[in-house]
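Engineer: Before I ask anything, here is the structure I am working with.
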Amino acid sequence: MIKVAVAGYAGRMGSAVVDAVTAADDMTVVCGIDPHAKETPFPVFGTLAEALDATDVDVLVDFTQPNVVAGNLSVALPRGVDCVVGTTGLSNETLEGLAASATPGTCLFYAPNFTTGAVLMMEFAKAAAPYFPEAEVIEYHHCNKKDAPSGTAVRTAEIIAKARAPRVSEAPGRETEIAGAEGARGALIDGVPVHSVRSMGFVASQEVIFGSLGQTLTIRHDSWDRTSYMPGVLLGIRSVGERDGLIVGLENFMN
Ligand SMILES: NC(=O)C1=CN([C@@H]2O[C@H](COP(=O)(O)OP(=O)(O)OC[C@H]3O[C@@H](n4cnc5c(N)ncnc54)[C@H](OP(=O)(O)O)[C@@H]3O)[C@@H](O)[C@H]2O)C=CC1
Ligand SMILES: O=C(O)C1=N[C@H](C(=O)O)C[C@H](O)C1
């Protein structure tokens, strides 16, 4: 049995992870960490350090907050606990620094999105990018999201920027924004405009819009339920024990 600690176990994603791990027959939740104590069949702690002092843990799953996750990883990785991280908002440099602090043989696995559909959306965007001079990302999330743009949108923009030809865009940039409407052209991530919508009614959706002469190509993915992330999270938990170092993206574990 893989012994799993869930940081943020009382949150939207954390509680779905607890249900999914509990339903799997090759892993078990051995403890939870969250300031919101809920009644649970496993012990709960206020901090990760307390949890790891008291519990034997193979894998930490972290779905907390952008301002919390780095602290958790800086506790777990030097102790040799493999980490499966869904919390967004960490820069690539921070992830690399944290991975460098790990005990040799320990894996830091970060996926900005654990759905197969979003991974494929990014792969399709990578394939399309060389053929379209224009590319913009629009992401749509629920109102409680604490970071903008989303981790998925940042990763998508990075992938497009790397895959596309030297820029021949004709689309205007920030210089066309009228006074008082700064931001209308979106945030530039590696030169790709990213627009963040926050509204009731959404879980997580994203469109990648490519344009060239007389045509557009739109790639869209929607998560309507948090169960969509769970097969990917379980795959991560099952995979990290055999890997080490920093791994970014669920595609690394998908056949
Ligand atoms: N990679 C992916 O596929 C996905 C990633 N995410 C990301 O996961 C993260 C969590 O999202 P979501 O579940 O919606 O957020 P929630 O706010 O619902 O859950 C986060 C939980 O973590 C708790 N928390 C706060 N501080 C700590 C701490 N120090 N230690 C442990 N727990 C703590 C929060 O408590 P409190 O409310 O008091 O702050 C809350 O209960 C976000 O960064 C989001 O972007 C979300 C979906 C999919
Ligand atoms: O906060 C969320 O809900 C989500 N966060 C991740 C992100 O920032 O990309 C993944 C998914 O979009 C849901």
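Every residue gets a Cβ built from N, Cα and C, even glycine.
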Engineer: Since TrEMBL lists Gly8, Tyr9, Ala10, Gly11, Arg12, Met13, Gly86, Thr87, Thr88, Ala111, Pro112, Asn113, Phe114 for NAD(+), which candidate among Asp25, Asp26, Asp34, Asp58 does it give for that site as well?
Structural biologist: Asp34
Engineer: Checking your reading of the structure: which of the recorded positions His141, His142, Gly151, Thr152 lie inside a 10 Å Cα sphere centred on Ala111 (NAD(+) binding site)?
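Structural biologist: Of everything listed, what lies within 10 Å of Ala111 (NAD(+) binding site) (Cα to Cα) is Gly151, Thr152.
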Engineer: Ligand 1 is in the model; which of the binding-site residues Thr87, Asn113, His142, Thr152 have a C-beta less than 6 angstroms from one of its atoms?
Structural biologist: Thr87, Asn113
Engineer: Using a Cβ-Cβ cut-off under 8 angstroms and a sequence gap of six or more, which residues of the chain neighbour Thr87 (NAD(+) binding site)?
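Structural biologist: Thr87 (NAD(+) binding site) has long-range Cβ partners Gly8, Asp62, Phe63, Thr64, Gln65, Pro66, Val68, Val69.
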Engineer: In the domain 'Dihydrodipicolinate reductase N-terminal' (2-114), how many residues does DSSP put in helix, strand and coil?
Structural biologist: 39 helix, 27 strand, 47 coil
Engineer: Identify all same-chain residues not among His142, Gly151, Thr152 whose C-beta atom falls within 8 angstroms of the centroid of the (S)-2,3,4,5-tetrahydrodipicolinate site's C-beta atoms; report them in sequence order.
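Structural biologist: Sorted by sequence, the hits are Thr88, Pro112, Asn113, Glu139, His141, Lys145, Asp147, Ser150, Ala153, Ala204, Gln206.
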Engineer: Under DSSP, the domain 'Dihydrodipicolinate reductase C-terminal' (117-253) has how many residues in helix, strand and coil?
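Structural biologist: Its residues fall into 51 helix, 40 strand, 46 coil.
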